[in-house]
Each structure stands twice: as structure tokens, then as C-alpha cells.
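J.: Got a structure here, written out as C-alpha cells. Questions coming.
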Amino acid sequence: MRSLFSSKLSRAPASPPPPPPHAAAGGGGDAHTPSSHGHRHRRFPKENVDPSPSPGPYDHHSAYRSPSGKQQQQQPLAAKNRSLPPRPPLKRKLLDVSAASPAPEGAPSGGGGGDSGVQVVVRVRPPSRAEEEDEGAGKEVCVRKTGPGSVEIHGQGFTFDSVADEASTQEDIFQLVGRPLVENCLDGFNSSIFAYGQTGSGKTYTMWGPLSALSDDTVSKERGLTPRVFELLFSRIKEEQAKHSNKQLVYHCCCSFLEIYNEQITDLLDPVQRNLQIREDVGTSSVYVESLTKESVFTINDVTQLLEKGLANRRTEATTANAESSRSHCVFTCFIKSESKNMEDGSNFTRTSRINLVDLAGSERQKLTNAAGDRLKEAGNINRSLSQLGNLINILAEVSQSGKQRHHIPYRDSKLTFLLQESLGGNAKLAMICAVSPSQNCKSETLSTLRFAHRAKDIKNNAVVNEQREDDVNVLREQIRQLKEELQHVRSNGSLPGSNGSPSTGWNSQNSFLLKMSLSRPTAFPTIKDDSDEEMEIDDNDVEKPCNLENKSSFPHGDVETSRCKSNLAASIQKGLQVIESHRNSVTWRRSSLGLNTRLMDAHLSVPVCKVDVAIQTDPEESEPRQNTMALIPSNQPEATTDGNREISDCINLQLVTVDGSIPSNDLKQQEQVFKAVEKVLAGAIRREMLRDEQCAKQAAEIQQLKRLVQQYKHERECNAAIAQIREEKIARLETLVDGILPTEELMHAENLSLQDENKILHQKYENHPEVLSAKIELERIQEELERYRNFKDEKEVLLEEIQHLKNQLHYMLSSSMALCRPPVELVQAISTVSDRPTISALEEAGDDGHSIVDAAESRWITLTEELRVELEKSKSLSERLQLEVESEKQCSEELKGALEMAMQGHARILEQYCELQEKHASLLSMCRTINDGIEDVKKEAAKAGVRGAESKFINALARQVSILRAEREKERRFWMDENKGLQQQLSDTAEAVQAAGELLVRLNDAEEAASLAQKRAELAEQEMNKAFAEIDNLKRDHDQEVLVLNQRLAESKLPSNVVQSPEPSETGPARYDTGGSFGDEQWREEFKPFQSVEVSKSSDPSSWFYGYDKCNI
């Protein structure tokens, strides 16, 4: 491969060949140059339609932007187009990352995060010597570069971001792909480069270059993309560190190198680790390879050593298509982490990025490479992995074009797509280098690669800057400490005056800052109807009131400082009142919007406003006197009225003035009125704010409803656009049918397919309609509720049965417990005998004998109680002993069960061993029989030969060996017979497959020839159509000229000169005209008759072509 790119550079043309005359400027081979006369557009194939919109005023040049939109915009529209207007292309949704996180000053504009497309670069390798010898020097290549970003293969054009022809060098590829990748990584974006193509197309050479170029001490021109990228990366890191040395900028880089061989991951830096597993990090939602070696790198030499080590361990084999064919996908990954610190606020910035350099194994056909054995197995795994990658790219391109998200994207179908899922449609910028071969033998693989690249161009990634900010804990602690000190200082100076009688400077600065913030933040409220400030209840305990204290001292600085403070304060408040008055007169004030937007003239106010919380206010007589207090005194006393605007105006007229001395009672009354007015204003403001929140909630609900409607309209627009496209294709087919190009059978088949597509679209539109979806959701909810009710009904019956069963059990237990609680018969009899005591009257009659009877009864009760206690103890001990026996029996039963299971398992094992031994015994018996038979045969032969004595023992031993060898040979013969049958079956299957492939190849050749013939016929028909259109235009032009001439003659012949001088008619006779006038009239009518006949013949003759054209239009 090195010889291809190095030896052919001198012989390759310096500039690409000019495009053919039928090729468009930038659209590929299918677009024809539009002429000045009107003709119909030729429709492009679907696979080469650029989904990107035409450039707008916001488009800018980017390395990841496809120029196809601009080239298609430059094509002029046709003069006549009888079809429907074309469907507008789908717009790419670009994520503007640069606005959220600006790039450094030195970063170029091309590497910004505003473009989320995929950069696709096609590189055409020079033809090899073998290809030149086989195809001949004069034979043309299959692929040709027609422009800076377009190629053509067999009349079919493709448009990409860049196209590198045979004369391109490694430096050109680096400038196209490598340099933007380095800038993106330094800006914090993840970046990836894929090298895709068939085997032997130059992917490995483009990515790594030859190993000799890596090991050379001098800089070689054949170095690949990877060493050039890291050389620029380390130089840019040094520049950034020198440029931002004040920010303590530090970079850390570590690299890993792996390969995917037969769907198994191997660490190329440590080849002992094989079959590594891919794990997913739940915290960061990213994937990684477990136990993969990562080496820290600091210079380009470290990276070169890793590349040499990894590429030496990579699996490469020789095939007929390539002497060193890569048999695995390899991925070289570099993790870059930068840390910087902002010295102003102490915050730390951490920016991470990742570079993935992927060299995919080349797709190959067994027919061309003649692979067999391990090579065939490797080729099957490679083609399967690339097929899954192509399927994934098709799905991602479909999602990007349609804008509809899919529930499942098959990232896990292969190790390659699972490992690189972040680069495919995720948080990364992707560039793809598609290497193709110009040989005619590889035209199908080249076309497949170009189609793959064109589909990959439609993918949209969401690349964002990976940056985190962490505030310094020490700086935050210092700020908290300073704020606490300021708060403590404000509290101490706010309650006690200074030693010299002047107010605290820190308190004044803090107060002025808060006043500035409150005046510089206007608050706008919505329009409120029927507003009344008297409906809100105000708690007087939560309102701050000015204290009424006597002033016993004045400022020590005298009246000069007091007057200066007064003037500053009066000027600042006067300016604020002017701003408020202007807001009052404006529309915003009429809408009950309150706002204050002004600034104080002097930030260092030295006169405080005395405010004391009502909850901690004490008696003014008991408090200490304060100096130079200020009070809110109205300059004009407001009148009590219910008008809210009047109260607001009265509150605006309030002024802050200084008071040297005690405040009189009239002023206190005025202050109370002012505060009541302020309370009412605040109550109205609070109520308006609540109403504004309610209105905001309503508007948010309306916005959600409008968003749903917008989504519905978007879906309907897409469906309508698809239906319009189908109708346009139908019109085109009808035109081709009328022109005689398309047969009726093909038209009917195409109509059937289009109607099926339209039916699917309408069905999808119906299913995705919001009302239908809501109805479905409601139906599912009702069905679930009905199912729940049914289950509840079934459960109710079951529960009723269980309740009845439990009632029966309870009744049984109660009856049994009552039976158990009955005393034994002996105790009952004893109790009955005891209970048969004499009555009191009998005891009185008995006298002394009654006392003896009572004593005997008591003794019997005591003995009976003792007997019952003993019986109870015996029953308890008996129950405990029985319980222990039950537990022991349970343990014994469990042990017996375990022993029985073990015995059963042992018996099963013994049976299996017995069966195996029996089989072995049978085989040994058969072998022994064969050996004995052989021995008997040998003995018989020896007896016939007359052998006696010791020779017979030797013969017996030989006979045993011969019989053993016979048995082994019989086994081998049977094994090889089975193997032969299997191989014959495989051979027959392979022959059938080859025959089927041959038939398929013949059919494909026939189809290609038919397609080429149809294409030629279509071109001829289109040329004839253009000629017919030109003839139509010429005839129309001639017809217009003839009509103009006739109109001129009509205008000249309507008023002859001799008609004007006719004599007056007589009174008795009829009016007569001279012969000259009548002759002239008849003359121009006779002259006009042939033109009228010609025009009628033109318009009414069915055999004329113009009549058929009008009929076609109708």
C-alpha cells in the first residue's frame, strides 16, 4: 500500500479531469445542465438527495458542514415545470454549544460546536501495478472526481464534504480532518475518526502510515494521520500552557490501544489480556473496556512507541487482494484532561475530551480473495460487524431526517457499535474517511462504500463541551467570613452611634448598595381589573414604624456637612421621583406596573434612616437619645380618598428630609397616614403579584397546549409533504406513460406500491393524531379499570369463601377450647362433693358440730387445691416434654429426608457408573472376542504349518497384536467413512450454492444490461423531448409573429381613405357607397380568409402534433 501512494504521486494528474458535459456543477452525474429553454427536471435518485437545507443567512463555513446545499442552490430553476413544487428539505437541528460555553481566544471558528453533522471525506487510492497490467494502461477508472466535493461512478454522482483523488498526500488528509480534530479536542469536544472501505483500499496507510515511517528519526512524508495529529496536539498544548500561564493550565493525556478480532476484544498494549468485556458506567452513562491498559503520554515519542507496539501485535495476514490485510478492527483512544484555575474568584475548571481513531477492517468478497479456513471465518466476522454498523447508520440517518425518536437503537448488536456508541449519534464530533479503489474489478465495492458514506453524512450528533466548574472552598469560606464580619459590624453600628456622633460608614455603604439594587430592578405587573387596595388585611405587628425619639445632640461637623448630605440625598431622591413620575405617565404605569429604575448620585450617604421593628420597640422615654435621625415626612399632606391612583400619587410625593430635633405630633399623624397609604399600596402589589402568578400558570398551560398543536401540525405537514411527493411521482409516471417511456404494467405496479405507501402514511397519520392517541390512552385506562373491577369481583368471591372458612375454623376452635377447659370427672365429683355443704340453718342447729363440719370442708378445699396445682404442673411438664419430642421428631425427619436425597443421588450416580461400566464391558467383550478369533485363526494357520513349542507363544503374541490392530483400523475406517460422508454433503451444498450464485450473477448481469438499455432509452427520449420542446417554442414564436402581422393588416384595412370622401345619400333613395370602398372591404376580407383557414386547420387537425400536445395538457 505504501508503494501505491508513494510511486503514483508523480504519475497522477495534478488536477482532476474536467467533468463530462452532461454533469452538473455540483450535483453529481445525474443532473443535466439546464438550457435557456424550458424543460422538465430530471429526478435524482433517492440515495443522493442532500437532506441539509439550502444555506441561509446564518450559515458559516465549517469543517463539518456539507457543501451540497450551496451547490444545489446554485442550479437555476427550469423555465417550465408542470409538476408540483418540490418538497422542502428537512432542516438539521444544530446545537449551539458556543453560546453556552465560549471557546478560547485562540480556537478557530471552524471547530466550534455549532455544527452537529458528520464530516465525510472520500479518498481514491492510485491503481496498483497489477491492476494496471490486468486492465491495461488505456482503460478508464471506475470512479472519477468531478469537483472539490463530488465524485461520479458509472454516471451516478455523489456529493461529500471533500474528495481526495490519486494525487492527494498524507498532509492533505491531515489538513482536512486532523487539524479540526485537534482544535475540537482542545475546546472540550469528543472527536472520532473512522476509516472505512474495502480491503486493500488504503485505510491502514491513511490512519497509521507504514511502520518504517514511525520508526524513522527523521520526519517522513508518508506518516499517517495519527502521528501528525498527536504532533500538532502536543505543540498546541505547549502554546496553550504558555498563553494561559496565569491560570495554572495543566494537561494530562493517557492512551489505550485495542483490537476487535472475531468479536473478541484484545489489548494490543498487553496481548495476554484477551476476551475483555465492555462495561457501562451508570453514573456517567458511558461505556468502557474492563482491565484495559492505559499509558500516560507526554511527548510524540511516547505515542510513537505505543503505536509501534500495538501495530506489531495487531493481526494481519496475506490475501490475494492485499499482502498485509488487517483482520481486525483496531481503536486507538486518547483521553485528554485539562485543569485551570481562575485567580480572581478561585474557581477551578476541568475540561475533558476523548479522541477515537478507528481503523476498520476491510470488507471483502470470497470470490475475489479466495479466502478459506481461518481467513474465511475472519472475513465472515468482519462482514457481519460492518453490516451491523451499516444497519445502525441507516437507522441513525433515518432518525435524523425524520426527526422522530425510536424506542430502540441496536447499539449492542456488535462489540464495535457498542464500544463506539458515543461517536455514532452521541456526544462527539465524527469524521469519516472512506477509502475507495479506482479499479473496474472493484466497482461494486466502491459503489457500496460511496452509498455507505452518503448515508453516514445524514447522521446528526449532539456534541457538547465537557467542562466542569468547581469553586474553591477556601475562597468561599473567606467570603462567608467577610460577610459575617460585615453583618456583625452593621448590627453593632445600627443600634449604637459612633463615638464621634457620626453614623457608620459600613452601614451607609451597605444601605446605599441595597437602595441601588432596589432602584435598578424594575418590577412589571400585568393588567388587573377591578383592583382595590382595601381588600387585603395587613398585620400591624409586621410593619416597621419610625421611632419617636428626642434628639439631644447634633452633628459635630456642623451645618456644612449636614447641608451637603441634605443636598446629595435630595438630589438622588428627586431623580428617583422624576423616574417614577415618568413611569406613572407611561402605559406601563397605567397598567398598574410599579417600577423604580434609577441610581443614587452619591454612593456614600452619611445620613441613616431610623427604623425600629415594632416587635422589639421599647418606650421612647426609656431608650437612649439618638442623634440626627431621619423620618418619612410628606411634603404635601394627602387627602383621605378611596381612589387607588390618588393614594399611589400621594405615596410618590413622599420625601426623605432630615430633622434636627424632636418630631411634633402633627408629623406623627402625617407619618401614620403615610404608612397606611403604603400598606394599601403594598397590599395591592401583593394581590397583583398573586394574580400575575395565576395568569402565568394559565399562560404556561396554554403554551403546553400550543406546543402539542405545533407537534400535531408538524406531523400533519410531514405526512402531507410525503403525500405530495407521492402525488408528484404519480404525475411523473403518468407523463412518462403518455410519452411512451414507461409500460403500462410497470405503471400499475408502481401505482400499487405508491398507494400502499400512501395508505401507510395515512394510517400512521391517523394513529399518531393527538386526539386518537388521547382516545387510545383513555380506552386503555378504562379497560384497566374494568379489569381491576373484574379482579375485585373475583377476589370478593374468594374473600367471602375465605371468611366463611375462617368462621368455621373459629367455631371449631372455640368448641374444642371449651371441651379442653372442662375439668376431669374426678375433679368435678370432688367439687360437687365439696359444694354439697350444709346450709347456714343446719349449721346453727348443729351448734358445735357445725364448726367441725366447716373445718372439714376447708381442709377438703385446701387439699383439692393442692391436688389441682400438682395436676397442673404435671400437665405443663408433659406438654413441654411432648413439644420437645415433636421438635426432635421434626429434626429427625429432616435429617432422614436429607439422607434419603443423598442416598437417591448416590444411587443415581451408581446407576450411571454401572451403565458406563456395562457399556465399557460390552465393548471390551467384543474386542476380546475379535482378539480371540484372531488368535484362533493364527493358531489354526500355525497348526497347519506345523509350529510347535516356544514358537507358538510368539505366534500367540503376534496374533493378539494383529487382532488389536485390526480393531483399531476398523474404528478408523468407520470414522473416516463418516467424515467422508460429511465432506461430500458439504461439497454438494457448496456446489449448489456456487450454482445458485452463478445464476444470480447471470441475472444481475442481465438486470444491469437491461438497466443500461433503459437508461439509454430514457436519455434518447429526453433528447427527443427537448427537441420537441424547442420545435414547440419555435412554432409558437412564428405563430405569434403571424398574429402580429395579421393584426397590423386588420388595423390598416378597417378605414380606407376613399371611404371617408363618399357623397351624401339622397333623401328618397337608400344609402349607397362608391365602388372603391366596397372593393377594398371585399379585398381585405379575401386576404384574411387563407389565414383564418390556416389557423383553423392548425387548431382542429387531429393529426397535427400541436393537437396532441394540447390534449396531453388537458
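Cβ atoms are placed via backbone N, Cα and C, with glycine included.
The ATP binding site feature in Swiss-Prot is assigned to GLY197, GLN198, THR199, GLY200, SER201, GLY202, LYS203, THR204; the stated evidence is sequence analysis. Annotated coiled coil per Swiss-Prot: 772-810, 999-1043, in sequence order, evidence recorded as sequence analysis. The compositional bias 'Low complexity' annotation in Swiss-Prot covers 98-107. Feature annotation from Swiss-Prot assigns compositional bias 'Polar residues' to 1055-1065. If you look up Swiss-Prot, you'll see 117-459 marked as domain 'Kinesin motor', on the strength of sequence analysis. According to Swiss-Prot, the region 'Disordered' annotation covers 1-119, 1055-1081.
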J.: Give the three-state DSSP assignment (helix, strand or coil) for GLN198 (ATP binding site).
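T.: DSSP assigns GLN198 (ATP binding site) to strand.
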J.: When a 10 Å sphere is centred on the Cβ of THR199 (ATP binding site), how many other Cβ atoms does it contain?
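T.: That number is 24.
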J.: List the same-chain residues at least 6 positions away in sequence whose Cβ sits under 8 Å from the Cβ of LYS203 (ATP binding site), in sequence order, or say none.
T.: ALA195, TYR196, GLY197, SER326, ASP359, LEU360, GLY362, ILE433, ALA435
J.: To what whole number does the mean pLDDT across the coiled coil (772-810) round?
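T.: For the coiled coil (772-810), the model's average pLDDT rounds to 79.
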J.: Inside 10 Å of the Cβ of GLY200 (ATP binding site), count up the other Cβ atoms and send me the figure.
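T.: Taking every protein chain into account, the count is 27.
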J.: Let me make sure I understand the structure: which of the binding-site residues listed (GLY197, GLY202) has the fewest other Cβ atoms within 10 A of its Cβ?
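T.: Comparing Cβ neighbours within 10 Å for the binding-site residues GLY197, GLY202, GLY202 has the fewest.
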J.: Which residue, out of the binding-site residues GLN198, SER201, THR204, shows the minimum number of other Cβ atoms inside 10 Å of its Cβ in this structure?
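T.: Output over binding-site residues GLN198, SER201, THR204: least Cβ neighbours within 10 Å is GLN198.
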J.: Taking DSSP three-state, what's THR204 (ATP binding site) in: helix, strand or coil?
T.: helix
